[in-house]
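One structure is given here, and the rest of the page talks about it.
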Ligand code: DX5
Ligand code: ZN
């Protein structure tokens, strides 16, 4: 069970301070949301932010690329220090090739599906990935409400993984994860939990992370 706070809800002017608080607070990964204003209707960060964070934390950097044609950016983010690169199934006609590129760079490959994309769409790429990210909101903004239809998708992924011994991936969830929703997704089989607004909404990220952990461990 891994808690991955999203820095989308951090105080950007004090990013190093907030990242240090997440690390001291027991975060397992740092989730970094990259947005290009095309694939999603919002803008957030470039590779410089990932490169700037790399030397100031020992947490693995879980980079979520919400960009069109991610193959144009994979190498940049790998060089910047990403440990995992998540790319959307919907973001390129060449998802297979893009995931191969990530693996060839020695980075963990993760494929993401939007709320409107069925698990069945992933059948050909599951053997390539170390992680599947099931979006539990429409991507683009923090602070949205969890979409319960995603629970069934997590269960389907667990079934596929059980039925095929060669498949080996984590199941990450992202969007609307808080004290009310985390138990449902954990029970369905998710094991990596992104949380943005919940972690930062109170004064103590440490307390918020602990609250989430206590609910699932
Ligand atoms: C949304 C991003 C999320 C976001 C989650 O597009 O991918 O990572 O930061 O924020 P919350 O936890 O507030 O839903
Ligand atoms: Zn994200």
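Yeah, the Cβs are placed from backbone N, Cα and C, and that goes for glycine too.
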Given that TrEMBL lists 31, 33, 64 as binding divalent metal cation, which residue among 170, 174 does it place in the same site?
174
For the recorded divalent metal cation site formed by 31, 33, 64, 174, which further same-chain residues have Cβ atoms within 8 Å of the site's Cβ center?
4, 6, 8, 32, 62, 63, 86, 133, 194, 196
DSSP three-state assignment for residue 197 (substrate binding site):
helix
I'd like to know which of the binding-site residues 6, 140, 197 sit within 10 A of residue 174 (active site, proton donor) at the Cα level.
6
